[in-house]
Amino acid sequence: MKISVFGGGAWGRALAFALAEKNDVRIISRRDLSSLLAPLNERLLAQDSKPIMQVDYKDGLDSQYFVMAIATSALREWLTRVKLPKDIKILCASKGIESGSGAFVSDIMEEWIWHKNLAYLCGPSFASEVVQSLPCALVIHSRNLALSREFGTLMPKFIKAYVSPDVVGGEVAGAYKNVIAIAAGICDGLNLGANAKASLVARGLVEICRFGEHFGAKMETFLGLSGAGDLFLTSSSTMSRNYRVGLGLANQKPISEILRELGEVAEGVITARAITEIGERENIYTPIAKEISLILNGKSVSESFKKLMS
């Protein structure tokens, strides 16, 4: 099958590599990815798979399937500019909530694409492990389970794909866990101990459930791979950009410096503010997200964590 991946960030490249095991994959990005794709293509050629080709937008539109790996903050502008055909089938790998509007990724995507042609990839997965072909299990959420299963057949042997109709649950879990990961990074950066971190992450899961249930999500989603699985992974490793944001904040670094050092998007920074705004508007109790938002706006880290842990 021909698959085009929109977005040349770490996750977009990792998904392109994974899908290239069984498919003809092209990647579309405004920046030159030749040096980043070279080591991936060497490994693909060694296993008799086709190399990933970087193409321009027009040359990538003849694929049967598409993967969206554009940062949520840039998604609306990208869709407005690119003008995708309405009948294409897209697997969305973007996670986050749009600042200002409070729109989920599905809200944005469905302004351009029929909901039956959209699926959403969720679950515990670091790009750096995917490009090593290390095993993982993910969930493909869609209101069209037949489409979820179609995308599942495209996955390589090292990715076990489950399906779920709970789109909202997958989106909320995937977005919110980045905020809790920032909090977990702060907790570790302040050396508050394993007990404190365990209580913080567990309370974070409750907070995610409360927020998601308000929008009709299913509890089972938050207790599975898309929820607890992704949350525990992202909150426990320096491979997580959002966790590293928390470590930086605990060390009194300005957020601008932290993001510059990361060199990649940390969705939790924007999502914390978006969740806080939604929580205030919808009267949803979001204490951890609110404190992270306040910290990002300049509140003392130690003051915020005294409030959270007392």
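If you go along the chain as it appears here, the first residue is 1 and each next one adds 1.
The backbone N, Cα and C atoms fix where each Cβ goes, glycine too.
Because TrEMBL annotations are produced automatically, they should be read as predictions rather than curated entries.
Values in this document were obtained by computation on a predicted structure and should not be read as measured data.
Per-residue pLDDT, averaged along the domain 'Glycerol-3-phosphate dehydrogenase NAD-dependent N-terminal' (2-145), amounts to 94 for this model. Look at TrEMBL and you will find 2-145 tagged as domain 'Glycerol-3-phosphate dehydrogenase NAD-dependent N-terminal'.
Counted within 10 Å of its Cβ, the other Cβ atoms near Gly9 (NAD(+) binding site) come to 19, all protein chains included. As annotated by TrEMBL, NAD(+) binding site applies to Gly7, Gly8, Gly9, Ala10, Trp11, Gly12, Ala127, Arg241.
Under the heading substrate binding site, TrEMBL lists Lys95, Arg241, Asn242. The Cβ of Arg241 (NAD(+) binding site) has Leu262, Glu264, Val265, Ala266 as same-chain neighbours under 8 Å, each 6 or more residues away in sequence.
The domain 'Glycerol-3-phosphate dehydrogenase NAD-dependent C-terminal' annotation in TrEMBL covers 166-300.
According to DSSP, Lys177 (active site, proton acceptor) is assigned to a helical segment. The Cβ of Lys177 (active site, proton acceptor) has 33 neighbouring Cβ atoms from other residues within 10 Å, across all protein chains displayed. Feature annotation from TrEMBL assigns active site, proton acceptor to Lys177.
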All-chain count of other Cβ atoms within 10 Å of Trp11 (NAD(+) binding site): 23
Neighbourhood of Gly7 (NAD(+) binding site), C-beta criterion under 8 angstroms, separation at least six: Ile27, Ile28, Ser29, Val67, Met68, Ala69, Ile70, Ala71, Ala93, Ser94
Lys177 (active site, proton acceptor) and Asn242 (substrate binding site), Cα-Cα, nearest whole angstrom: 9
Listed in sequence order, residues with CB under 8 A of Lys95 (substrate binding site) and six or more positions away: Thr72, Val105, Cys122, Glu171, Gly174, Ala175, Asn178, Glu267
Among Gly8, Gly12, which are binding-site residues, the residue with the most C-beta atoms within 10 angstroms of its C-beta: Gly12
Cα separation, Lys177 (active site, proton acceptor) to Gly9 (NAD(+) binding site) (Å, whole number): 20
For Ala10 (NAD(+) binding site): intrachain residues, at least 6 apart, with Cβ closer than 8 Å: Ala127, Ser128, Glu264
